[in-house]
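Peer 1: Encoded as structure tokens, here's the structure I'll be asking about.
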Amino acid sequence: MNSLIEQQVAEIGIEAYLDQHHHKSLLRFLTCGSVDDGKSTLIGRLLHDSHQIYEDQLAAIYTDSQKVGTTGDKPDLALLVDGLQAEREQGITIDVAYRYFSTKKRKFIIADTPGHEQYTRNMATGASTCDVAVILIDARKGVLDQTRRHSYIASLLGIRHFIVAINKMDLVGFDEERFTSIRDEYLEFAEKLNKNIEIKLVPLSALDGDNVVSLSEQTPWYKGDSLLTLLEDVDFVQEQESSDFRFPVQYVNRPNLDFRGFAGTIASGLVKVGDKVKALPSGKMSTIDRIVTFDGDLPEAYSGQAITLTLKDEIDISRGDTIVAADDDVPLSHNLLADIVWMAEAPLEVGRQYDIKVAGKKTVGSVQGIRHQVDINNLETFTTETLPLNGIGLCEVVLNEAIAVDAYQNSIDTGGFIIIDRLTNVTVGAGMVREALIDKTVVSTGDFSAFEIEFNALVRKHFPHWNADDISKLLG
């Protein structure tokens, strides 16, 4: 058992311990950066030095370190996170690994993301739910292409707090000039990113624990806080609660004739009993009657809470609709301008129809044009006709029906969407809405069914010698 937890339970009792634990805020953060920068070792060190490893786990790490470890006589703490056999054999991270730990001030969920370029889509998946990005830089190598790539993706996915951990300082003798040089280079690059990002830098050694949980005597010139202290002090809850109210409906709960509730998780903002709201896309108004949870009714609820809302009026609301404040002006549009991260081996095809899923809403749409692709090593843009695997581009998306969306930077849940291949049902891309465009003439699919359009696309792909016309371009 974990001796620290055992001691705390003995001191205050199990009920008091659980109650104290329940009321801590939860922070989700990811570690990212170039390959072999020490991401998994850093997470292992955080867990070890904050006393979050059980005795049997620690014993197993010592045993495994003798077989596949890379740290000599010291325990290889990266093995706490690198669970796949292929990861341990190669000494790299492939999948996104999640770990949980807590301190006296806060609970944490860590996403350890891969550094290799071919796993960039895995990194984007891990970043999509995080509040903070811990970006590791090897003090010997400095800022690399993958460092810039991950910083850009984290910025694109709406993360507003960066902690740049300059790792392996022990290998450069904890040299202040080396730290300063890397800091200046990174901050110069970061000027091209979102201007709302808060960036803090910390020198550390994940292998030996310097400046990870507590400040190190090796860096008397560093006047900031340790990594753990920085994570504990990040103020992100207030940002979520101060946003406009957004409630995507996931399920209509009607257990009997006397109850009709709308279940889901609040994407952003606050809601109180008595608030005037409207349902989108219908635009019909009503008033919040009850906020129902498993533990009883609440007078108010905030971002991240799973609740069921009941209204005073019987209005038509279905799964995929969004409930917002009555005075919020949320655009309804068929046309979106969005940044798309492509995650499939086959490139994105302009004009091809895909399933588009926004929050709980599923519809059909296509990319009608790619304005540019981003070279994420230097953030330069260039024109292209398609997006390859791991490519990121600014695209014009046309949907078959008007939906309510926000800019992704304002609301992740109602501004983000996934793209699904209609034939294989595989998620092939992720999109972040920049803005809803003024509706152009909406493509009508009345002349051809979705099956006919997909069948036509297959014929043109596999039997090009038939010279079949693209019927999607004939629709008017």
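Cβ atoms are placed via backbone N, Cα and C, with glycine included.
When I checked Swiss-Prot for this same protein, it listed these features:
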type	residues	note
DOMAIN	24-241	domain 'tr-type G'
BINDING	33-40, 112-116, 167-170	GTP binding site
REGION	33-40	region 'G1'
REGION	91-95	region 'G2'
REGION	167-170	region 'G4'
Peer 1: Where DSSP helix means H, G or I and strand means E or B, what are the helix, strand and coil counts for the region 'G1' (33-40)?
Peer 2: 2 helix, 1 strand, 5 coil
Peer 1: Indicate whether Thr113 (GTP binding site) is helix, strand or coil by DSSP.
Peer 2: coil
Peer 1: Validating a neighbour-count step here. Other CB atoms within 10 A of the CB of Lys39 (GTP binding site): how many?
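Peer 2: Within a 10 Å radius of the Cβ of Lys39 (GTP binding site) lie 31 other Cβ atoms.
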Peer 1: What average pLDDT does the predicted model assign to the region 'G4' (167-170)?
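Peer 2: Within the region 'G4' (167-170), the model's average pLDDT equals 93.
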Peer 1: Tell me the Cβ neighbour count for Asp36 (GTP binding site), meaning other Cβ atoms within 10 Å of its Cβ, over all protein chains shown.
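Peer 2: 18, counting other Cβ atoms within 10 Å of Asp36 (GTP binding site).
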